[in-house]
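Written out below as structure tokens is the structure these notes cover.
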Amino acid sequence: MRRIDKIYHQLKHNFHDSTLDHLLKIQGNSAKEIAEQLKMERSNVSFELNNLVRSKKVIKIKTFPVRYIPVEIAEKLFNKKWDTEMMEVKDLQAFSGNSKQNHQHISTNPLELMIGAKGSLKKAISQAKAAVFYPPNGLHMLLLGPTGSGKSLFANRIYQFAIYSDILKAGAPFITFNCADYYNNPQLLLSQLFGHKKGSFTGAAEDKAGLVEQANGGILFMDEIHRLPPEGQEMLFYFIDSGSYNRLGESEHKRTSNVLFICATTENPSSALLKTFLRRIPMTIHIPSLEERSLNERVDLTTFLLGKEAERIKKNLSVHIDVYNALIHSAKFGNVGQLKSNVQLVCAHGFLHNLDRNEVIELTVRDLPDEIKQEWMSSSKNMQRSKAISEYVNITTIISPIVEDETTKIDEDLSFNLYHLIEEKVKTLMKEGLSKKDINQYILTDVHLHVRSFFHHQAFQKDNLLTFVEDDVIQMTKQLKEIAEHELDCTFDRKFIYFLSMHIDAFLKRGKQIDVLNTQETDEIRDTHVKEYRVAMIFKDKIQEYFKVAIPEIEVIYLTMLIHSIKSLKENKRVGIIVAAHGNSTASSMVEVATELLGSTPIAAVDMPLTVSPSDILECVAEKMKQVDEGEGVLMLVDMGSLAMLESRLEEKTGISIKTISNVTTSMVLDAVRKVNYLNLNLHAIYQSVTKDFIELWERQPAASGKKKALVSICTTGSGTAKKLEDILTTIVNKASDTPIHILTVSSIKLANSIKEIEKEYEILATVGTKDPKINAPHVSLEVLIEGEGEKLIQQAITKGSISLSNGLNEANIIVRELCEDSLKKYLVFLNPHHVIDMLLEWLQTVQDELGVIFNNAVLIKVIMHTAFAFERVIKQNPIAFSEEEEINDQLKEMVYVTERTLAPYEEKLGLRISDDEKLFIAAIFAEEVHGQLF
């Protein structure tokens with residue numbers, strides 16, 4: 001039986017007759033307990049238990065020490081299906097629904113306890129309080145700040161403050177969702193957010209509640225919100241607007257949920273998020289970086305983090321002021337997150353150096369990691385900095401363990417107790433007869449590996465890695481990565497370079513064989529992981545040859561285990577790009593420019609000399625597509641329309657999804673590569689985005705015959721009105737014709753001369769604006785355009801009369817949409833202008849059908865604007881009163897009846913009811929239009 005199977009069976013056996021109370025009390029088995037039962041090394045048992053967690057067979061409970069329980073046992077005792085998204089939990093009590101932690105009473109204001117509450121966080125805390133208290137259900141919030149600045153912690157403090165203030169009930173849910181996990185799978189994203197119905201897609205074996213449902217009555221924290229694709233943002237703001245949703249595959253009834261959203265991003269929200277989504281998140285809160293915090297706050301943060309480490313060690317720390325100085329000025333690219341990592345490294349060094357001391361762990365300059373120590377020693381500002389820090393700490397400061405209550409508790413990031421790990425390894429290595437010096441060197445290099453690997457797990461950067469791994473190790477690791485990919489026929493992501501380079505670096509610095517596996521276990525590893533072992537042997541030869549060191553067999557076994565453990569890691573999949581153009585080097589030149597400027601991308605060039613046959617081109621493009629496809633499809637940028645005709649044949653031949661854009665230019669290639677590398681969009685979204693961005697370039701191309709076509713917009717000043725008119729005309733043109741038509745704006749001053757110059761180059765289809773130039777083309781005045789008839793005239797001028805628009809609203813009314821949306825975007829906070837306009841246009845069509853009238857655009861705009869703001873006032877709870885003192889006549893009563901009856905379905909759709917007085921105002925507009933009077 002394999003080692004992993006022995007461990008799994010032992011774990012199951014330990015709980016086969018256990019009760020739920022017993023399980024909740026002991027929370028599973030630790031790796032040490034299983035190791036003692038099976039007489040194996042604890043590190044090997046821990047390794048296999050984590051493999052079982054990854055394979056969804058065992059649950060990890062992140063207590064101290066970490067404990068494990070088989071999924072099968074948990075499902076049996078809890079009498080419910082275990083959610084496979086929850087393979088690592090903090091406490092089994094939470095799953096039982098009886099968590100004391102979730103229902104505790106919070107007696108102290110959690111926000112005021114934060115370091116910087118009266119300093120750098122004062123404004124952020126004030127904003128958070130205002131957002132929580134805002135009636136009726138609080139304002140959604142967006143937290144802005146660099147990586148590691150504490151956005152997640154701040155979101156959790158807001159949640160605790162809401163409970164403390166009795167805005168949320170004790171035990172209200174606080175759900176965290178990282179948008180980066182599902183950015184490239186809209187269907188799975190929809191399922192995660194809103195749940196799904198059994199059978200709604202492949203793999204949906206049962207009904208599942210989404211996060212919106214789980215967060216009902218509480219807070220949903222959405223981290224890395226900039227990674228949420230546009231489709232996901234639209235799903236979300238529809239829910240924010242209406243409060244209702246359907247599970248995926250469900251249509252029979254609407255579900256409702258009351259959720260306060262807290263979003264977080266490191267990016268500029270105006271460029272990373274849809275404007276329509278941003279309007280739904282009215283409260284933006286900036287979380288300061290470490291650099292933006294005062295020295296006093298940075299000292300307090302360092303003291304707090306040292307106190308947390310003292311709690312984990314269960315001893316007092318004696319910290320020299322130079323250690324404070326070095327730590328406070330060591331965190332550059334990681335903010336508070338890196339400061340925490342550095343504090344852990346210093347404490348680990350100090351712990352190892354003071355293993356034989358019972359009371360106090362001394363932290364001095366000797367305990368600083370080399371990179372921090374070198375930076376500290378090379379600084380010319382040390383005396384000045386130490387003097388400033390001495391105002392807050394003594395030359396030597398005694399720090400006692402900090403025992404937090406739930407209102408101040410920071411989640412532990414590491415799934416193991418670092419100091420327990422050090423003690424375990426020291427004991428093991430002492431049994432092997434190693435000297436204290438060798439043990440220290442071995443332990444410290446491995447501690448760096450553990451702490452640094454956690455800190456950098458989200459974003460690999462070579463420059464960061466170079467601070468603690470030699471460049472020649474990184475270069476060798478890159479070669480080994482290529483070998484592993486070829487031998488194992490799989491693709492590793494960049495983290496492979498990180499983990500393997502750290503391991504090799506640790507081995508080279510240890511310089512001695514550390515053998516803690518017995519013969520039986522090494523034989524099992526060889527037999528179980530044959531392919532990985534073969535690759536590890538190749539690695540051995542390469543490393544020996546390059547670094548001129550001997551690699552013992554036990555190190556090959558460790559390499560085998562490492563390769564196996566990271567084999568499943570994958571790089572984020574991206575859309576591939578093919579640039580195909582006629583000529584000997586046209587496509588290659590464009591691709592070369594793009595890769596040089598924007599870095600590595602799944603892109604390939606296909607140069608097509610004019611002598612190459614179509615069948616050869618097809619084969620060549622198909623082969624290149626297979627090379628660049630990462631499973632997300634391929635965008636094909638071509639120079640001629642004839643190549644675009646190959647799309648369906650290529651899809652059939654390769655099985656790869658393809659989108660094609662013609663008239664490729666270097667600028668277009670750069671735009672596509674930028675979007676693939678940095679925006680995390682799917683194939684369809686990138687295709688649409690590139691097409692949209694370059695349509696203006698195509699429109700500037702001259703017509704195939706005769707002059708270019710144009711509409712001329714005439715305004716008095718050529719400023720704001722001209723821009724709005726240009727936007728409206730652009731929309732009309734896009735709806736009416738695929739032919740490039742230019743929109744030219746001129747001032748009514750010197751109009752005659754301007755028109756003469758335009759006529760030399762353009763065929764003027766129509767003029768629109770404040771003054772008629774009296775030329776041989778139809779003119780549409782602003783009044784006619786706004787009233788509604790002008791839109792029809794312009795479309796007829798464009799199409800030479802071939803389009804006949806209906807008078808109803810089933811056809812999109814461009815003028816009404818443009819003018820209303822422009823205003824509503826500025827002033828609506830809670831409602832989605834686009835959806836509101838669609839809904840109200842549909843409603844007004846019903847009203848017109850019922851009354852047998854056709855309202856002009858001025859009336860439509862007036863009613864839409866008033867009704868949209870009336871719905872907004874319902875949310876804000878400040879409706880306006882109808883103050884007319886005269887008696888309401890029969891005509892107005894009739895309009896009130898029509899208004900109430902026709903508007904009712906839309907009120908139900910939004911879950912909002914407009915007041916009777918607001919409806920009187922709307923009815924009065926109808927009465928004036930139909931009967932010519934109000935009373």
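Glycine too: its Cβ is placed from the backbone N, Cα and C atoms.
Residues annotated as ATP binding site in Swiss-Prot: 145-152, 215-224. In the three-state DSSP classification, N216 (ATP binding site) falls within coil.
According to Swiss-Prot, the domain 'Sigma-54 factor interaction' annotation covers 117-348.
Annotation comment: Swiss-Prot describes 468-573 as domain 'PRD 1', evidence class sequence analysis. Taken as a whole, the domain 'PRD 1' (468-573) shows an average pLDDT of 75 in this prediction.
The annotation domain 'PTS EIIA type-4' is assigned in Swiss-Prot to 574-711 on the grounds of sequence analysis.
According to Swiss-Prot, the domain 'PRD 2' annotation covers 831-935.
In this structure, H503 (phosphohistidine) is part of a helix by DSSP. Residues annotated as phosphohistidine in Swiss-Prot: H503 (among others).
In the three-state DSSP scheme, H582 (phosphohistidine) is classed as strand. If you look up Swiss-Prot, you'll see H582 (among others) marked as phosphohistidine, on the strength of sequence analysis.
Look at H866 (phosphohistidine): DSSP puts it in a helix. Under the heading phosphohistidine, Swiss-Prot lists H866 (among others), citing sequence analysis as support.
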Nearest to G145 (ATP binding site) by Cα, among H503, H582, H866 (modified residues)? H503
Per DSSP, how many helix, strand and coil residues does the domain 'PRD 2' (831-935) have? 76 helix, 0 strand, 29 coil
Same-chain residues six or more away whose CB lies under 8 A from the CB of H866 (phosphohistidine)? F921, I922, I925
Whole-Å Cα distance, I219 (ATP binding site) to H503 (phosphohistidine), is 41
Taking DSSP as the reference, which of helix, strand or coil describes K151 (ATP binding site)? helix
What's the CA-CA gap between G148 (ATP binding site) and H503 (phosphohistidine) in angstrom, rounded? 25
Other C-beta atoms within 10 angstroms of the C-beta of G145 (ATP binding site) total 21
